[in-house]
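Just below is one structure, and these are the notes that go with it.
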Amino acid sequence: MSALEKSMHLGRLPSRPPLPGSGGSQSGAKMRMGPGRKRDFTPVPWSQYFESMEDVEVENETGKDTFRVYKSGSEGPVLLLLHGGGHSALSWAVFTAAIISRVQCRIVALDLRSHGETKVKNSEDLSAETMAKDVGNVVEAMYGDLPPPVMLIGHSMGGAIAVHTAAANLVPSLLGLCMIDVVEGTAMDALNSMQNFLRGRPKTFKSLENAIEWSVKSGQIRNLESARVSMVGQVKQCEGITSPESSKSIVEGIIEEEEEDEEGSESVNKRKKEDDMETKKDHPYTWRIELAKTEKYWDGWFRGLSNLFLSCPIPKLLLLAGVDRLDKDLTIGQMQGKFQMQVLPQCGHAVHEDAPDKVAEAVATFLIRHRFAEPIGGFQCVFPGC
C-alpha cells in the first residue's frame with residue numbers, strides 16, 4: 001500500500017473498526033464514555049433543518065421516476081446539493097441551516113437514484129451519465145425552461161456527478177461548481193480497498209438509535225447532530241428479514257420436522273411460526289443501498305474527473321479534508337489559479353457533516369466573492385490563503 005493510499009485511508013475510512021456487534025448491540029455503549037456521560041442517539045426529523053419536502057416526477061423512456069428533494073429559502077441562487085454514495089440528501093441538513101443563515105440563497109438537496117426516498121424504474125443503473133441526466137431532468141421539472149442561477153455542490157460520488165453534470169451542460173443556468181473531498185487520484189486508489197471497507201460494516205441494526213450510535217463511534221460521521229438526521233436516510237426498516245438467531249431456529253425446526261412423525265410435525269410448525277413472529281417484532285434496519293453491488297460504476301464516476309473539473313468554464317471551489325488528497329492534475333491547476341481551494345483539517349471524509357459551519361463559511365465566501373449572493377445576518381467574508 002502506497003504512502004498516499006495510507007494517508008487517504010486515515011481520513012476517509014473510520015478511525016477504528018466498530019466493536020463486534022456494535023451494529024445493533026449494546027456492546028459498544030460504554031466505549032470511551034466517562035461515568036455519568038450519556039449522549040442522545042435518537043433520530044431527528046428533516047423538518048428541523050429544511051423548510052419543505054417535495055417528490056419531483058420526471059418522465060423518461062422507462063416510465064415515470066420520482067426524486068425526493070428537501071428545500072429551504074425563497075430568494076437568491078439555488079444551491080443544488082448532491083450527496084455521496086450510500087448517503088442521502090439528509091446529510092446536508094445541518095449545512096443547510098448554517099448556509100441559509102449566512103447568505104441569501106435557496107437550497108435543493110436531492111436524493112440521487114437508488115438512494116434515500118427517490119424511486120426509479122431502473123434502480124440498478126448508477127452510471128455517471130445516467131445520474132448526471134437525472135440532475136438535469138430534476139432541474140427542468142422543477143423550474144421549466146427558465147431555471148434560476150444554480151450552483152452545484154457535491155460530496156464524494158455526488159461531487160463526481162456534479163462535475164459530469166456541469167461538463168455535459170445539463171443545467172443551462174449553472175453559475176458555479178463545488179466538489180467536497182473528491183479527487184480522481186485518491187478516489188481511484190481507494191477503490192481497491194472499498195469492498196473490504198464495506199464488508200467491515202454491520203449489515204443490520206436493531207434500531208435507528210443503534211445505527212446512529214455506530215456511525216458516530218466508528219468515526220463515519222464525527223458530528224452527532226448531523227448523524228441524528230443523516231443516518232435516517234442511509235438505512236431502512238426491513239420487512240420479513242430474519243436475524244441469524246431466528247434463521248438458526250427455523251433451520252433446526254425444519255431438520256427436526258423431517259425426523260418427527262406426523263404427530264410431532266404440528267408442534268414444530270407452531271414453533272417455526274413463533275420464531276417468525278418474534279423476528280418481525282425486531283424489524284432490524286439495514287442499508288438502503290448495497291454499495292458493493294455498484295462496483296462496476298465506480299471507475300466511471302472518478303476516472304478523468306480532475307481534467308473534467310478543470311475544463312468546466314465556471315468558477316470552481318474544491319474543499320478537502322487534507323492537502324495530501326490533491327493529485328498531480330489538480331495540484332498544477334490550483335497553482336495556475338484555475339479554481340479556489342480550501343483545506344478543512346480535523347474532518348473525516350464527510351466534511352460537510354463533520355464541520356458544517358466551516359463548509360458553510362467557505363461556500364458563503366465563494367458566493368459573495370463572485371457576487372452570486374448577498375450576505376445576511378452580518379456575515380463577514382474571510383478569504384482563505386490558499
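Positions of Cβ are set from backbone N, Cα and C atoms, glycine also.
Per Swiss-Prot, the feature active site maps to Ser156 (among others); the stated evidence is similarity to another entry. Long-range C-beta contacts of Ser156 (active site), restricted to its own chain and to partners at least six residues apart, with a cutoff below 8 Å, comprise Gly84, Gly85, Ile180, Asp181, Val182, Ala187, His349.
Per Swiss-Prot, active site is recorded for His349 (among others), and the stated evidence type is similarity to another entry. Using a 10 Å radius centred on the Cβ of His349 (active site) and all shown protein chains, the other Cβ atoms total 25.
Positions annotated as compositional bias 'Acidic residues' by Swiss-Prot: 255-265.
Annotation source Swiss-Prot lists compositional bias 'Basic and acidic residues' at 268-280.
Residues or ranges marked as phosphoserine by Swiss-Prot on the basis of similarity to another entry: Ser15.
Swiss-Prot lists Arg16 with the feature omega-N-methylarginine.
If you look up Swiss-Prot, you'll see Arg16 marked as asymmetric dimethylarginine, on the strength of similarity to another entry.
What Swiss-Prot lists as region 'Disordered' is 1-38 (among others).
Per Swiss-Prot, the feature region 'Disordered' maps to 255-280 (among others).
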